[in-house]
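The structure under discussion appears below in the form of structure tokens.
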Amino acid sequence: MSAAVRPESLATVLGGRRGALDASIPPVAFVLGWLVSGNSIGWGAAAAITVAVLLGVVRLVRGQRVAAVVVSLTAVVAAALIALYTGRAQDFFLLQVLANIASALTWAASILIRWPLLGVVVGTLLGQKTRWRRDPALLRAYSLASWVWVAQYVIRVVVFGVLWWGGYVVALGVARTVLSWPLVATVIAVSGWV
């Protein structure tokens with residue numbers, strides 16, 4: 001099969017390790033800018049946006065999709081604006097909390113209506129389209145494995161939520177990094193095993 005028609009792996013679709021690393025750097029820059037400046041949200045926001053722009057340029061030079069770069073940059077700018085608007089540094093991470101709540105609910109709903117999202121994604125990647133739904137064993141396996149993804153989002157909601165509620169900005173930055181690629185890699189492995 002040629003590279004032009006070879007389906008992408010699930011890890012590639014999710015951005016791989018590089019994508020997770022790139023997504024973790026702006027929040028770390030926010031926390032560092034906030035700390036170094038004596039808890040200035042403005043400096044933290046400027047650091048995060050600057051790093052996001054630089055990463056975006058690097059990603060574009062590497063030939064990554066413009067839409068993905070724009071979405072990433074927009075998310076960082078939105079997070080910075082929320083923190084600036086509320087005057088609370090932990091609110092830089094509020095979108096992350098809300099996105100994980102939405103993801104957990106979406107994945108759970110997909111299982112309940114018998115269209116588990118893992119089946120949709122993997123079925124598409126493998127060229128199965130929706131044939132997997134007619135196989136009770138595959139439908140059950142994709143449903144069970146999709147619950148692993150729900151658990152990932154719930155873990156993030158609980159950890160981020162507690163830290164956000166308590167105003168633990170540095171811990172949020174650390175959690176954002178730890179609960180990105182390492183957790184996703186674990187979830188991919190467990191999903192394949194289930």
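In case you wondered, yes, glycine gets a Cβ from its N, Cα and C as well.
Quick caveat, the model's predicted, so the values are computed rather than measured.
Here TrEMBL flags 41-61 (among others) as transmembrane segment. Beyond its flanks by at least six residues, the transmembrane segment (41-61) meets 22, 25-27, 29-34, 68-70, 72-73, 76-77, 79-81, 83-84, 87-89, 92 of its own chain at Cβ-Cβ distances under 8 Å.
Through the fold, the transmembrane segment (66-85) approaches residues 15, 22-23, 26-27, 30, 41-42, 44-45, 48-49, 52-53, 55-56, 59-60, 91-96 of its own chain, all at least 6 residues removed from its boundaries and within a Cβ separation under 8 Å. Summarising the annotation, TrEMBL assigns transmembrane segment to 66-85 (among others).
Taken from TrEMBL, the feature transmembrane segment applies to 105-126 (among others).
Under 8 Å from some Cβ of the transmembrane segment (147-167) lie the Cβ atoms of residues 88-91, 93-94, 96-97, 100-101, 103-104, 107-108, 111, 117-118, 175-176, 179, 183-184, 187, 190-191, 194, all in the same chain and six or more residues away from its ends. Among the features that TrEMBL reports, transmembrane segment is placed at 147-167 (among others).
Tertiary neighbourhood of the transmembrane segment (173-193): same-chain residues 10-11, 14, 17, 20-21, 23-24, 27-28, 30-31, 93, 96, 118, 145-146, 148-149, 151-152, 155-156, 159-160, 163, selected by CB-CB distance under 8 Å and a gap of 6+ residues from either end. Taken from TrEMBL, the feature transmembrane segment applies to 173-193 (among others).
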